[in-house]
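Reviewing the structure listed below.
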């Protein structure tokens with residue numbers, strides 16, 4: 001969500017700070033600001049509503065120069081988006097930027113007003129600036145003053161402070177919101193996301209819960225929650241400077257949809273080795289807790305013991321978990337329960353014997369998922385495993401074992417390749433457990449190996465259907481509402497596809513298990529209601545049931561959009577090229593046939609394209625949809 005960048009150096013930092021903010025734009029924000037301290041020890045501030053580009057324009061009109069500074073992109077939680085509510089917040093010589101929520105801000109505000117402080121914003125964060133200014137009246141030591149402030153605060157924070165009266169010094173504090181210190185030569189940095197500092201350093205130390213860092217040009221001193229000086233490990237984080245280059249694509253989301261064959265292949269290669277016979281050997285956990293190709297008998301023994309899996313996640317990651325429930329129960333013979341992290345935290349739950357907890361997050365910094373993990377670790381689970389794209393994230397560091405998704409940087413707020421690579425990891429983990437428990441017989445094991453080996457190529461082939469999907473979007477674009485239907489493992493894909501449409505096109509969409517049509521949703525169907533049906537040919541009775549549900553929609557005059565590999569089963573049919581009257585007949589997107597084992601991953605891709613092309617026609621901000629953030633780091 002919000003982004004923090006801070007620097008203390010021997011050169012002007014204003015341009016470097018702005019570049020850091022540009023690199024954080026993908027996280028989502030509504031305002032931005034910068035404060036610097038110059039050689040005259042004067043604090044100078046610029047803030048604006050809107051994009052970093054607007055802040056750059058302001059800086060062009062009123063240049064700021066200084067060797068120490070902090071900057072911020074804000075995603076509104078308390079107070080509307082406007083310049084006054086943007087960070088940094090100042091109190092005379094003090095400036096702060098803050099990610100998180102100050103839960104007791106009202107009582108603190110009332111106290112500060114009685115002390116003569118005037119508030120310029122509606123935010124909870126401004127109280128931190130005034131509190132720090134108050135404490136500095138009694139001690140000139142910035143670190144001690146920050147510590148005193150934090151004893152009075154309830155809530156979460158990634159906090160970065162500076163005082164013009166203490167030049168060459170930044171104080172960073174972390175509780176519930178990530179911060180990292182970037183290490184340079186004669187200069188040091190602080191950020192909420194290392195990507196922001198890729199242009200100045202690749203060496204970082206990550207603050208742990210309760211840490212406070214005293215950052216100078218030539219030194220960094222970290223104190224833990226007990227006040228002890230500690231040495232946090234320094235890691236080198238190789239980041240590409242061109243991460244945000246869209247290439248030939250109009251949007252990052254479109255680029256990332258097309259990157260999925262590579263991302264899936266990369267993820268599979270990290271965990272599986274395929275022989276010429278299409279049989280795969282699954283690699284197991286290494287000593288660094290990451291599935292990296294090194295055999296580890298400890299986890300094989302653990303997997304043999306597992307009887308249940310509890311999946312905890314939010315948003316798109318939650319939908320990945322819903323798919324995995326089918327896999328764990330069908331292939332590995334273990335019960336599976338999927339929880340929304342924000343709900344799990346606040347209800348009484350029963351942990352079963354020999355149950356593991358599995359968290360899923362793209363960023364690894366999702367506040368509710370991290371809090372749920374911390375709760376789960378006190379409840380007696382056998383093990384805590386994370387599936388994550390953030391190799392050095394909080395979720396990764398606090399889990400017992402990790403499967404990295406190897407999706408690469410994902411800039412678009414709406415997750416695409418992160419989702420499909422999460423599903424790949426979940427299917428690999430399912431297979432590992434099934435192998436450890438000796439449940440898979442040779443035939444289904446070979447079928448799964450072959451399906452996974454073909455998956456990157458299958459996704460490449462379905463991307464070739466983009467023109468048909470785009471033509472369907474023309475008929476869809478003026479709709480106010482939409483309904484998505486699926487069965488079995490494809491029901492969660494319908495849920496995820498409805499979310500994608502909501503996120504980037506702002507069309508209200510709902511998803512239902514197709515068998516639930518007659519229990520309410522059928523009342524919504526008319527000639528103005530688009531209904532998207534996911535209908536692959538599948539073994540057993542599910543396909544015939546789905547075909548029957550589609551006929552129910554057709555009988556009510558619904559606008560049908562069918563994604564299938566057997567178009568001949570759904571006549572009368574209008575091809576995507578036809579400009580048929582709405583509701584007159586079905587629009588069919590014909591996709592290649594794939595294994596039912598990987599169909600959920602495969603069908604997610606054309607439905608991502610559908611949402612993208614509808615949003616493109618509507619002219620919305622596809623990469624940064626309104627009111628949304630890439631990484632939800634507050635509850």
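Using the three backbone atoms N, Cα and C, a Cβ is placed for every residue, glycine included.
Model, not experiment: these values are computed from the prediction.
Under the heading active site, nucleophile, Swiss-Prot lists 2, citing sequence analysis as support. The active site, for Fru-6P isomerization activity annotation in Swiss-Prot covers 630, and the record cites sequence analysis as its basis. Per Swiss-Prot, the feature domain 'Glutamine amidotransferase type-2' maps to 2-218. Summarising the annotation, Swiss-Prot assigns domain 'SIS 1' to 299-439 and lists sequence analysis as the type of evidence. Taken from Swiss-Prot, the feature domain 'SIS 2' applies to 472-625, supported by sequence analysis.
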**OP:** Let me know how many other Cβ atoms fall within 10 Å of the Cβ of residue 630 (active site, for Fru-6P isomerization activity).
**Re:** 26
Original post:
Which numbers of helix, strand and coil residues does DSSP report for the domain 'SIS 1' (299-439)?
Top reply: 64 helix, 28 strand, 49 coil
Original post:
Expressed to the nearest Å, what is the distance separating residue 2 (active site, nucleophile) and the residue listed as 'active site, for Fru-6P isomerization activity' at their Cα atoms?
Top reply: 10
Original post:
residue 2 (active site, nucleophile) has how many other Cβ neighbours within 10 Å of its own Cβ?
Top reply: 28
